[in-house]
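Here the structure comes first, spelled out in structure tokens, and everything after it is commentary.
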Amino acid sequence: MKTVIARTSSKLARTPRMNEEIVGFEDVIENLRKKLLSETKGQDVISIHGMPGLGKTTLANRLYSDRSVVSQFDICAQCCVSQVYSYKDLLLSLLRDAIGDESGSRELPDNELADMLRKTLLPRRYLILVDDVWDNSAWDDLRGCFPDVNNRSRIILTTRHHEVAKYASVHSDPLHLRMFYEDESWKLLEKKVFGEQSCSPLLKDVGLRIAKLCGKLPLSIVFVAGTLSEMEKEVECWEQMANNLGGPKLSSFLEDRVIDISRLIRLWISESFIKSSEGRSLEDIAEGYLENLIGRNLVMVTQRADSDGMVKACRLHDVLLDFCKKRAAEENFLLCIKRDQSTKAVISHKQQAHLAFSKMDNLVEWSASSSLVGSVIFKSYDPYFARCPLSSHAFALSHILINFKFLKVLDLEHQVVIDFNPTEHFYLRYLSAHIDQNSIPSSISNLWNLETLILKRTPAGRLNTLLLPSTIWDMVKLRHLHIPNFRAESEDALLENSAKLYDLETLSTTYFSSVEKAELMLRKTPNLRKLICEVQFLEYPNQYHVLNFPVRLEMLKLYRFNNSKVIPFYISAPNLKYLKLSGFYLDSHYLSETADHLKHLEVLKLYRVEFGDHGEWKVSNGMFPQLKILKLNYVCLMKWIVADDAFPNLEQLVLRGCKDLMEIPFCFMDILSLKYIELDNCNKSVVKSAKDIEEAQVEDNQNTNFKLVIIKKMILQFDISHDKEIDNAFKRLASLPGVDSISIDMIEKKLTVGGDMNANEVRLVVGKLIDSGML
């Protein structure tokens, strides 16, 4: 007989607040309401998951108390599980709602209470709210009490953990509750402070700023609104609040605005946080850890790749970030050095394991007294460097490193230009910095423990090919090598006799000058998973050559600048999932022949590719069997012939700037997996064919998930260095006639401006903003 589960509590399960007002999430509520009232006969569990403070419970309660929903059910009952709970109390809470009284049931054993609840629900259509479920076992304890007799009964379940939501789901997919939009943040703040009244126009600007500083989290907004409600409704008071929010509490949410996933994983590995497991790479294990944190909503995803949906960037909520920083300080793990913080002020902390600096001068000052520090991270952009000539702020790396005897990580990711002259730092595993030189000294091999080498280049430096010494092939522990436009300076015979870099997984962006050199380098890197390279072959053979890429290669990007040329080889990569070709001339048979060697390809992107044979591309039956995403950007393609059985699993088709193409093949009407077509700056005949495909997909195939997006406006992209004055830059750009969208991607360092605008005027203004150091 089951009496009490391992998690027990003497108090009744917490009852959610029923009258809490909710503002925002209107689209989410409508979507969930439809699921609750759908015609699906079987029992369905509507799972809502997300990080603490998003308003999962409030949202669930709004649905649970919605008259249009409740009126469709015979019985409504709820319970709140929490991390520590009593199984008996949960059953009593549900029985109290189901039968109106549970006073005579408290003395019954748990199994009889569960049976009573099940029999009460059995003949009726019920709506159950199970709030705050922490693990699968808690759901297992309750699910047997909810019978499924095909009468459209529904269960709303809230949890912080994605795995729990997925585990409990039946028909409907779990809903990951998003952060607030900016307008929702303001509406909630205004509602909480002013009630039914409107905010004074004098306070609106600062109010909008305060709402933005709350980090799009409803809980933070409610907390701040409570404080504002008790303050004078004066601009000065609200300005003070805004300034306070810019301090160490809520502003820490924005301290590291986004965390680049690739960088994070490389740092984890360099710090030895990831333990090896037979048959799995360290990168795969690290990705598993990250997915676990995301699934538990401890880490928020801020950006996914538009190609495959993989996480590209994330962030920590301010509460969790503050907790991590405090624990790190308590355990002597991390010390963040502020701009004006001297070594004297925190002398007792000099032997921290990791130091994070926001000013380069601090690093120079601290280097003399931090010999045991293992990691140094320069974590923010210093405007000083934007105002000075590059040569005036190049730091001699050797002078800094000589004092950090046991340094494992040196991450100067922002624009700190260093004089790269490596010394014998045997422990260094991770190095990221900017350089202003065209060659690397052979002494780089002294860093024989190095696993990650990222050398970004100044705008002037990018114009020249960077020469790497032959000693680079002696660095057998390298896992990730990222240097724009580089080539190895070595004789073929020397390279042939060098060691293989078995651990190297990512290589970008190397420069291949011949097929033979490409073959030789690929033989020396047998375990590559990601390769980005420029192809500038001097000779182009009359006959195609099959170039065998490493078996584990999953991502390949091949570029050619200047005039389009034929790729002198077919690509053979049995496990390749992602392929991007840019700046090449392809005859009509090239992709067909290559496709035979790419059976697992899921993403294909062609950028400024010119199709030969009168601009024709033929795709035969059965080609690209696993392809999900196809993007054609500014390709010279006039006639596209696709067999009926090609692209059988295609989900997305994107055409941008394909001015010569006359139509999308009609066989796309019959691709049942197709979900999305996007057209940008294409011919009217292409638009018409896309609309015909949309009609066939939606009406004939009943593909309700299909979406057609037609973009008519102009899009301009610019390379930028930073976004520290982005608000002022946005205001300047937004004032230009025709500009209706501005976005920034600091992972890719790209500014995008869109609208029906004067392109030359926009380019002129952006150029001035960059020159002035605002971008």
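The backbone N, Cα and C atoms fix where each Cβ goes, glycine too.
Look at Swiss-Prot and you will find 16-39 tagged as coiled coil.
Annotation comment: Swiss-Prot describes 17-237 as domain 'NB-ARC'.
Secondary structure at G55 (ATP binding site), taken from DSSP and collapsed to helix, strand or coil, is coil. Summarising the annotation, Swiss-Prot assigns ATP binding site to G50, M51, P52, G53, L54, G55, K56, T57 and lists sequence analysis as the type of evidence.
For the domain 'HMA' (711-775), the model's pLDDT averages out at 75. According to Swiss-Prot, the feature domain 'HMA' maps to 711-775.
The local packing around K56 (ATP binding site), expressed as other Cβ atoms within 10 Å of its Cβ over all shown chains, amounts to 24. All chains included, 27 other C-beta atoms sit within 10 angstroms of the C-beta of G55 (ATP binding site). Packing around L54 (ATP binding site) is summarised by its Cβ count: 26 other Cβ atoms lie within 10 angstroms of its Cβ, all protein chains included.
Taking each Cβ in turn and tallying the other Cβ atoms within 10 Å, the top scorer among the binding-site residues G50, P52, G53 is G50.
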